[in-house]
Amino acid sequence: MDGDRVEVDGGIMEGGGQILRVSTALSCLLGLPLRVRRIRAGRSQPGLRPQHLSGLEIIRDLCEGKLEGGEIGSTEITFTPGKIKGGTHIADTKTAGSVCLLMQVAMPCVLFAASPSELHLKGGTNAEMAPQIDYTVMVFKPIVEKFNFTFNCDIKKRGYYPQGGGEVVIQMSPVKELSPINLMERGTVTKIYGRAFVAGALPIKLAKDMSAAAVRCIRKEIRDLYINIQPVREPDDQAFGTGSGITVVAETSTGCLLAGSSLGKRGKNSDKVGIEAAEMLLRNLKHGGTVDDSLQDQLIIFMALAKGVSRVKSGPITLHTQTAIHFAEQLTK
(Lines of atoms letter the chains of each structure in order from A and count residues from 1; the text may use other names and numbers.)
(Lines give C-alpha, C1' and ligand atoms only; values in the text may rest on other atoms or scores of the structure.)
Protein backbone atom coordinates (compact mmCIF):
# COMPACT_ATOMS: atom_id res chain seq x y z
CA MET A 1 0.00 0.00 0.00
CA ASP A 2 2.70 2.42 1.04
CA GLY A 3 3.84 3.03 -2.49
CA ASP A 4 0.49 4.68 -3.22
CA ARG A 5 0.13 6.71 -0.04
CA VAL A 6 -0.23 10.43 -0.61
CA GLU A 7 2.40 12.22 1.48
CA VAL A 8 1.30 15.50 3.01
CA ASP A 9 3.58 17.95 4.80
CA GLY A 10 1.50 19.39 7.66
CA GLY A 11 4.08 22.06 8.44
CA ILE A 12 4.00 24.17 5.29
CA MET A 13 1.96 27.30 4.50
CA GLU A 14 -0.72 27.80 7.17
CA GLY A 15 0.91 24.95 9.12
CA GLY A 16 -2.17 24.23 11.25
CA GLY A 17 -5.20 22.00 11.63
CA GLN A 18 -6.73 23.06 8.35
CA ILE A 19 -4.20 21.00 6.37
CA LEU A 20 -5.38 17.97 8.29
CA ARG A 21 -9.08 18.77 7.69
CA VAL A 22 -8.77 19.30 3.93
CA SER A 23 -6.43 16.38 3.25
CA THR A 24 -8.25 13.76 5.38
CA ALA A 25 -11.65 14.75 3.96
CA LEU A 26 -10.32 14.45 0.40
CA SER A 27 -8.49 11.21 1.25
CA CYS A 28 -11.79 9.80 2.51
CA LEU A 29 -13.74 11.02 -0.54
CA LEU A 30 -11.22 9.91 -3.13
CA GLY A 31 -10.24 6.64 -1.43
CA LEU A 32 -6.60 7.74 -1.23
CA PRO A 33 -4.42 6.37 1.58
CA LEU A 34 -2.71 9.29 3.29
CA ARG A 35 0.27 10.05 5.48
CA VAL A 36 0.48 13.45 7.15
CA ARG A 37 3.84 14.41 8.69
CA ARG A 38 4.87 17.43 10.81
CA ILE A 39 1.26 17.97 11.93
CA ARG A 40 0.66 21.57 13.03
CA ALA A 41 4.40 22.27 12.93
CA GLY A 42 3.57 25.96 12.62
CA ARG A 43 1.80 26.13 16.01
CA SER A 44 3.09 26.85 19.51
CA GLN A 45 1.89 23.38 20.62
CA PRO A 46 2.57 21.21 17.56
CA GLY A 47 0.86 17.87 16.97
CA LEU A 48 -2.76 16.81 17.37
CA ARG A 49 -4.97 18.69 19.84
CA PRO A 50 -8.25 17.15 21.08
CA GLN A 51 -10.37 18.80 18.37
CA HIS A 52 -8.11 17.59 15.55
CA LEU A 53 -8.14 14.08 16.95
CA SER A 54 -11.98 14.13 17.20
CA GLY A 55 -12.10 15.27 13.57
CA LEU A 56 -9.84 12.40 12.47
CA GLU A 57 -11.87 9.90 14.49
CA ILE A 58 -15.18 10.97 12.99
CA ILE A 59 -13.73 10.65 9.46
CA ARG A 60 -12.32 7.22 10.34
CA ASP A 61 -15.71 6.13 11.70
CA LEU A 62 -17.62 7.56 8.72
CA CYS A 63 -15.72 5.39 6.29
CA GLU A 64 -14.65 2.50 8.55
CA GLY A 65 -11.08 3.50 7.79
CA LYS A 66 -7.82 2.77 9.60
CA LEU A 67 -6.05 5.50 11.54
CA GLU A 68 -2.55 5.12 12.95
CA GLY A 69 -0.84 7.72 15.13
CA GLY A 70 -4.17 9.04 16.39
CA GLU A 71 -3.26 10.36 19.82
CA ILE A 72 -2.94 13.80 21.41
CA GLY A 73 0.43 15.37 20.57
CA SER A 74 1.11 13.01 17.65
CA THR A 75 2.90 14.76 14.76
CA GLU A 76 2.39 12.02 12.18
CA ILE A 77 -0.65 9.97 11.16
CA THR A 78 -1.44 7.46 8.46
CA PHE A 79 -4.99 7.05 7.30
CA THR A 80 -6.46 4.36 5.06
CA PRO A 81 -10.05 5.16 4.06
CA GLY A 82 -12.87 2.66 3.49
CA LYS A 83 -16.34 3.20 2.04
CA ILE A 84 -18.33 6.18 3.34
CA LYS A 85 -21.48 5.10 5.12
CA GLY A 86 -24.29 7.20 6.55
CA GLY A 87 -26.01 6.81 9.90
CA THR A 88 -25.41 8.47 13.24
CA HIS A 89 -21.91 9.53 14.25
CA ILE A 90 -20.69 11.32 17.36
CA ALA A 91 -17.58 13.48 17.68
CA ASP A 92 -16.77 14.94 21.08
CA THR A 93 -13.70 17.14 21.60
CA LYS A 94 -14.33 17.03 25.40
CA THR A 95 -12.91 20.57 25.36
CA ALA A 96 -13.99 23.92 23.91
CA GLY A 97 -12.56 22.73 20.56
CA SER A 98 -14.81 24.08 17.81
CA VAL A 99 -17.81 22.06 16.60
CA CYS A 100 -17.68 24.20 13.44
CA LEU A 101 -14.23 22.83 12.61
CA LEU A 102 -15.52 19.27 13.18
CA MET A 103 -18.29 20.10 10.76
CA GLN A 104 -15.78 21.38 8.19
CA VAL A 105 -13.99 18.05 8.06
CA ALA A 106 -17.06 15.78 8.16
CA MET A 107 -19.54 17.58 5.91
CA PRO A 108 -17.88 17.04 2.51
CA CYS A 109 -17.63 13.31 3.31
CA VAL A 110 -21.22 12.71 4.38
CA LEU A 111 -22.40 14.48 1.23
CA PHE A 112 -21.29 11.36 -0.63
CA ALA A 113 -22.23 8.75 1.97
CA ALA A 114 -24.26 5.66 1.14
CA SER A 115 -27.28 6.91 3.13
CA PRO A 116 -28.42 9.96 5.16
CA SER A 117 -26.26 11.00 8.10
CA GLU A 118 -26.75 12.55 11.49
CA LEU A 119 -23.65 14.05 13.11
CA HIS A 120 -23.63 14.86 16.82
CA LEU A 121 -20.77 17.32 17.25
CA LYS A 122 -19.77 18.27 20.79
CA GLY A 123 -17.41 20.97 22.02
CA GLY A 124 -17.34 24.77 21.76
CA THR A 125 -19.99 26.46 19.61
CA ASN A 126 -18.45 29.92 19.92
CA ALA A 127 -14.70 29.41 20.09
CA GLU A 128 -11.63 31.50 19.30
CA MET A 129 -9.75 30.83 16.04
CA ALA A 130 -12.81 29.26 14.42
CA PRO A 131 -16.14 30.38 12.91
CA GLN A 132 -18.87 30.89 15.52
CA ILE A 133 -21.92 28.65 15.13
CA ASP A 134 -23.98 31.80 14.45
CA TYR A 135 -21.72 32.53 11.47
CA THR A 136 -22.13 28.93 10.28
CA VAL A 137 -25.93 29.23 10.35
CA MET A 138 -26.23 32.83 9.07
CA VAL A 139 -23.51 32.90 6.39
CA PHE A 140 -21.87 29.53 5.63
CA LYS A 141 -25.12 27.54 5.37
CA PRO A 142 -27.04 29.69 2.85
CA ILE A 143 -23.96 30.15 0.64
CA VAL A 144 -22.70 26.55 0.68
CA GLU A 145 -26.22 25.32 -0.12
CA LYS A 146 -25.81 27.04 -3.51
CA PHE A 147 -23.74 23.96 -4.42
CA ASN A 148 -27.12 22.22 -4.53
CA PHE A 149 -27.39 20.37 -1.23
CA THR A 150 -29.07 21.18 2.06
CA PHE A 151 -28.39 20.39 5.67
CA ASN A 152 -30.16 20.90 8.93
CA CYS A 153 -28.21 22.41 11.82
CA ASP A 154 -29.87 22.06 15.23
CA ILE A 155 -28.06 23.85 18.06
CA LYS A 156 -28.96 21.69 21.06
CA LYS A 157 -26.68 23.45 23.50
CA ARG A 158 -24.13 26.23 23.25
CA GLY A 159 -20.73 25.79 24.87
CA TYR A 160 -17.91 28.22 25.53
CA TYR A 161 -14.25 28.36 26.47
CA PRO A 162 -12.78 26.75 28.59
CA GLN A 163 -15.11 23.74 29.11
CA GLY A 164 -17.03 23.54 25.85
CA GLY A 165 -20.07 21.39 26.58
CA GLY A 166 -21.99 22.50 23.49
CA GLU A 167 -23.76 20.17 21.07
CA VAL A 168 -24.88 20.67 17.49
CA VAL A 169 -26.71 18.05 15.43
CA ILE A 170 -26.22 18.13 11.66
CA GLN A 171 -28.57 16.14 9.42
CA MET A 172 -27.76 15.62 5.76
CA SER A 173 -28.84 13.48 2.87
CA PRO A 174 -26.27 12.42 0.27
CA VAL A 175 -26.16 13.87 -3.24
CA LYS A 176 -25.12 12.42 -6.61
CA GLU A 177 -22.99 15.44 -7.43
CA LEU A 178 -22.42 19.07 -6.45
CA SER A 179 -23.29 21.89 -8.83
CA PRO A 180 -20.68 24.59 -9.41
CA ILE A 181 -21.36 28.08 -8.07
CA ASN A 182 -20.84 31.48 -9.66
CA LEU A 183 -20.43 34.29 -7.15
CA MET A 184 -18.97 37.10 -9.20
CA GLU A 185 -21.43 39.98 -8.70
CA ARG A 186 -21.42 41.65 -5.34
CA GLY A 187 -24.41 44.01 -5.82
CA THR A 188 -25.23 46.62 -3.20
CA VAL A 189 -25.76 46.11 0.52
CA THR A 190 -29.51 45.92 1.18
CA LYS A 191 -29.61 45.06 4.88
CA ILE A 192 -27.44 44.56 7.93
CA TYR A 193 -28.47 42.34 10.80
CA GLY A 194 -26.94 40.24 13.50
CA ARG A 195 -26.98 38.69 16.92
CA ALA A 196 -25.18 39.77 20.08
CA PHE A 197 -25.39 37.17 22.83
CA VAL A 198 -24.56 36.61 26.46
CA ALA A 199 -24.83 33.34 28.36
CA GLY A 200 -24.32 32.06 31.88
CA ALA A 201 -23.41 34.64 34.49
CA LEU A 202 -23.41 37.65 32.15
CA PRO A 203 -26.20 40.30 32.11
CA ILE A 204 -28.17 41.11 28.94
CA LYS A 205 -26.85 44.69 29.21
CA LEU A 206 -23.52 43.48 27.78
CA ALA A 207 -25.28 42.15 24.68
CA LYS A 208 -27.08 45.49 24.28
CA ASP A 209 -23.77 47.35 24.64
CA MET A 210 -22.06 45.16 22.01
CA SER A 211 -24.99 45.65 19.64
CA ALA A 212 -25.12 49.45 20.15
CA ALA A 213 -21.35 49.83 19.70
CA ALA A 214 -21.43 47.81 16.47
CA VAL A 215 -24.32 49.90 15.11
CA ARG A 216 -22.53 53.18 15.93
CA CYS A 217 -19.37 51.97 14.21
CA ILE A 218 -21.20 50.86 11.04
CA ARG A 219 -23.25 54.10 10.97
CA LYS A 220 -20.07 56.11 10.42
CA GLU A 221 -19.65 54.40 7.04
CA ILE A 222 -23.18 53.35 6.07
CA ARG A 223 -25.80 55.90 7.04
CA ASP A 224 -29.02 55.07 5.27
CA LEU A 225 -29.59 51.39 6.09
CA TYR A 226 -31.64 49.94 8.90
CA ILE A 227 -29.37 47.87 11.12
CA ASN A 228 -30.94 45.21 13.29
CA ILE A 229 -28.55 43.49 15.72
CA GLN A 230 -30.60 41.57 18.27
CA PRO A 231 -29.27 41.37 21.83
CA VAL A 232 -30.00 37.90 23.24
CA ARG A 233 -29.50 36.14 26.53
CA GLU A 234 -29.11 32.41 25.82
CA PRO A 235 -31.59 30.34 27.90
CA ASP A 236 -29.79 28.58 30.76
CA ASP A 237 -30.95 25.13 29.66
CA GLN A 238 -29.50 25.75 26.18
CA ALA A 239 -26.05 26.99 27.14
CA PHE A 240 -23.21 25.50 29.15
CA GLY A 241 -20.82 27.90 30.86
CA THR A 242 -20.44 31.65 30.45
CA GLY A 243 -19.75 33.41 27.18
CA SER A 244 -20.54 36.38 24.98
CA GLY A 245 -20.06 37.44 21.40
CA ILE A 246 -21.52 39.05 18.33
CA THR A 247 -21.96 38.27 14.63
CA VAL A 248 -23.00 40.99 12.17
CA VAL A 249 -24.03 40.15 8.60
CA ALA A 250 -24.48 42.31 5.51
CA GLU A 251 -26.76 40.98 2.79
CA THR A 252 -26.50 42.27 -0.77
CA SER A 253 -28.90 42.66 -3.69
CA THR A 254 -27.35 39.60 -5.39
CA GLY A 255 -27.68 37.37 -2.31
CA CYS A 256 -24.09 37.66 -1.06
CA LEU A 257 -23.56 37.45 2.70
CA LEU A 258 -20.50 38.98 4.36
CA ALA A 259 -19.91 39.14 8.08
CA GLY A 260 -17.81 40.30 10.97
CA SER A 261 -17.76 38.67 14.38
CA SER A 262 -16.01 38.87 17.72
CA LEU A 263 -16.03 37.06 21.08
CA GLY A 264 -16.09 38.59 24.51
CA LYS A 265 -13.61 37.52 27.14
CA ARG A 266 -12.76 38.47 30.67
CA GLY A 267 -11.41 42.01 30.92
CA LYS A 268 -12.47 42.92 27.38
CA ASN A 269 -14.85 45.86 27.19
CA SER A 270 -18.17 44.95 25.51
CA ASP A 271 -18.04 48.07 23.30
CA LYS A 272 -14.71 46.83 21.98
CA VAL A 273 -16.25 43.45 21.10
CA GLY A 274 -19.01 45.15 19.11
CA ILE A 275 -16.58 47.50 17.37
CA GLU A 276 -14.24 44.63 16.40
CA ALA A 277 -17.10 42.79 14.69
CA ALA A 278 -18.29 45.96 12.92
CA GLU A 279 -14.79 46.83 11.72
CA MET A 280 -14.30 43.30 10.41
CA LEU A 281 -17.58 43.58 8.50
CA LEU A 282 -16.61 46.96 7.05
CA ARG A 283 -13.21 45.61 5.94
CA ASN A 284 -14.97 42.74 4.19
CA LEU A 285 -17.32 45.20 2.47
CA LYS A 286 -14.44 47.44 1.33
CA HIS A 287 -12.56 44.78 -0.62
CA GLY A 288 -15.39 44.31 -3.09
CA GLY A 289 -15.39 40.50 -3.03
CA THR A 290 -18.57 38.40 -2.90
CA VAL A 291 -17.36 36.35 0.10
CA ASP A 292 -15.72 37.43 3.34
CA ASP A 293 -12.34 36.32 4.67
CA SER A 294 -13.83 33.58 6.85
CA LEU A 295 -15.81 31.97 4.05
CA GLN A 296 -13.29 31.93 1.20
CA ASP A 297 -11.22 29.02 2.51
CA GLN A 298 -14.29 27.02 3.57
CA LEU A 299 -15.63 27.00 -0.01
CA ILE A 300 -12.48 25.59 -1.65
CA ILE A 301 -13.17 21.90 -0.95
CA PHE A 302 -16.74 22.20 -2.30
CA MET A 303 -15.46 24.02 -5.41
CA ALA A 304 -12.94 21.21 -5.90
CA LEU A 305 -15.68 18.56 -5.59
CA ALA A 306 -18.34 20.30 -7.71
CA LYS A 307 -18.91 19.05 -11.25
CA GLY A 308 -17.81 21.95 -13.43
CA VAL A 309 -16.05 25.24 -12.80
CA SER A 310 -16.98 27.40 -9.81
CA ARG A 311 -16.15 31.09 -9.72
CA VAL A 312 -15.95 33.18 -6.59
CA LYS A 313 -14.68 36.74 -6.30
CA SER A 314 -12.78 37.26 -3.07
CA GLY A 315 -10.89 40.03 -1.36
CA PRO A 316 -7.20 39.43 -0.60
CA ILE A 317 -6.58 35.66 -0.53
CA THR A 318 -5.90 34.51 3.03
CA LEU A 319 -3.15 32.06 3.91
CA HIS A 320 -5.89 29.60 4.95
CA THR A 321 -7.33 29.80 1.44
CA GLN A 322 -3.95 29.40 -0.27
CA THR A 323 -3.39 26.35 1.92
CA ALA A 324 -6.80 24.84 1.09
CA ILE A 325 -6.15 25.37 -2.63
CA HIS A 326 -2.67 23.83 -2.43
CA PHE A 327 -3.88 20.63 -0.75
CA ALA A 328 -7.05 20.36 -2.85
CA GLU A 329 -4.81 20.50 -5.94
CA GLN A 330 -2.34 18.01 -4.51
CA LEU A 331 -5.01 15.42 -3.71
CA THR A 332 -7.49 15.89 -6.57
CA LYS A 333 -4.84 16.63 -9.22
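Note: Cβ is positioned from N, Cα and C throughout, glycine not excepted.
The following features are taken from TrEMBL:
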DOMAIN    13-332  domain 'RNA 3'-terminal phosphate cyclase'
BINDING   GLN104  ATP binding site
DOMAIN    185-285  domain 'RNA 3'-terminal phosphate cyclase insert'
ACT_SITE  HIS320  active site, tele-AMP-histidine intermediate
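By neighbour count, meaning other C-beta atoms within 10 Å, the densest spot among the recorded positions GLN104, HIS320 is GLN104. The two recorded residues the residue listed as 'active site, tele-AMP-histidine intermediate' and GLN104 (ATP binding site) have their Cα atoms spaced 13 Å from each other. Helix first, then strand, then coil: DSSP counts for the domain 'RNA 3'-terminal phosphate cyclase insert' (185-285) stand at 35 helix, 37 strand, 29 coil.
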